[in-house]
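Chemist: Here it is, the structure in full.
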Amino acid sequence: MNKTWQISVPGSTANLGPGFDSIGLGLSLYLQLTVTLQDTWAIIHLDDNGPKEFELEEHLLYVIAKKVAEQYGQQLPACRVEMASELPLARGLGSSAAVIVAGIELANQVCGLGLSVQDKLNLSSQIEGHPDNATASVLGGLTISSMDEKGNVDTFHINKIDASFVVYIPNVELKTSESRSVLPEQFDRAYAVHASANANMLAASLMARDFQRAGRYMEEDLFHEPFRAKLIPEYSEIRTAAKKNGAYGTALSGAGPTLISIIPSTIAGDFVQTMKKQFPEHQVIVTKADEQGIQVREYMKRLL
């Protein structure tokens, strides 16, 4: 009998328009790990949403777990890790943040680190470089966060969001580094004030659960979407069609290329069917806000 852990981490969307690098939302699309202690390391991907070929020492999950264990003075024991993911790579659905959060939790469990939720928020955000996706994967729900120069994260968290979300996933990858390369190095003061005001209105509307207004401000970003739009397949067409069919608003999911709409849950079925017909080159999926964040179950497993 070997000790085994099942670790579930929600994917996420970041920004929701003008909430650049600070607003995140956990989604009901998951990275699932089954981790079993054994004599040698093995990482097995059970689907296509993972690297097809890799060296163990370069796999992000292993790199993060080993780094965290060593940071706390522990040696990471060998494990068999089976990974199943609903998060396509480089599509703007928090796949890398989910693996980072999973790696931290793997080290926490197999090394008995006893990490607090705050520890996980800090570690994951420091590794990611910003707290939007990381906090959403740790906590679930809506997160509005700030990280100081020492890497300490402060998060406002709402776990229940009474709306549905539709993602439009194109069959192309877009690396975050490429998407960041088109952004300006600086803005003038008046532009920055306007952009910040829109971000403030988005955050306030989400906190007030005023999704009509939140949807409006999702489409009023000035920090990144005007510059990234040219990289995104059917960016304007999807936004226009979504609004026509009843969406509150549509924005890039993270750095793209996926787009995400917030919609009333009552129209979800008809909305998705209509958008699928209009955009057959995209995978159109309705999802909800995850309300729990990272989940862990421990049990004993008999190895054959």
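Glycine residues also receive a Cβ, built from the backbone N, Cα and C atoms like all the rest.
These came from Swiss-Prot, pasted as-is:
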| type | residues | note |
| --- | --- | --- |
| BINDING | Pro88, Leu89, Ala90, Arg91, Gly92, Leu93, Gly94, Ser95, Ser96, Ala97, Ala98 | ATP binding site |
Chemist: Mind checking which of Pro88, Gly92, Gly94 has the fewest other CB atoms within 10 A of its CB? They're the binding-site residues.
Modeler: Pro88
Chemist: What are the other residues, in sequence order, whose C-beta lies within 8 angstroms of the center of the C-beta atoms of Pro88, Leu89, Ala90, Arg91, Gly92, Leu93, Gly94, Ser95, Ser96, Ala97, Ala98 at the ATP site?
Modeler: Gly11, Leu87, Gly254
Chemist: If you count other C-beta atoms within 10 angstroms, which of the binding-site residues Ala90, Ser96, Ala98 is the most crowded?
Modeler: Ala98
Chemist: Through the lens of DSSP with three states only, how would you label Pro88 (ATP binding site)?
Modeler: coil
Chemist: Helix, strand or coil at Gly94 (ATP binding site), per DSSP?
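Modeler: Where Gly94 (ATP binding site) sits, the three-state DSSP reduction gives coil.
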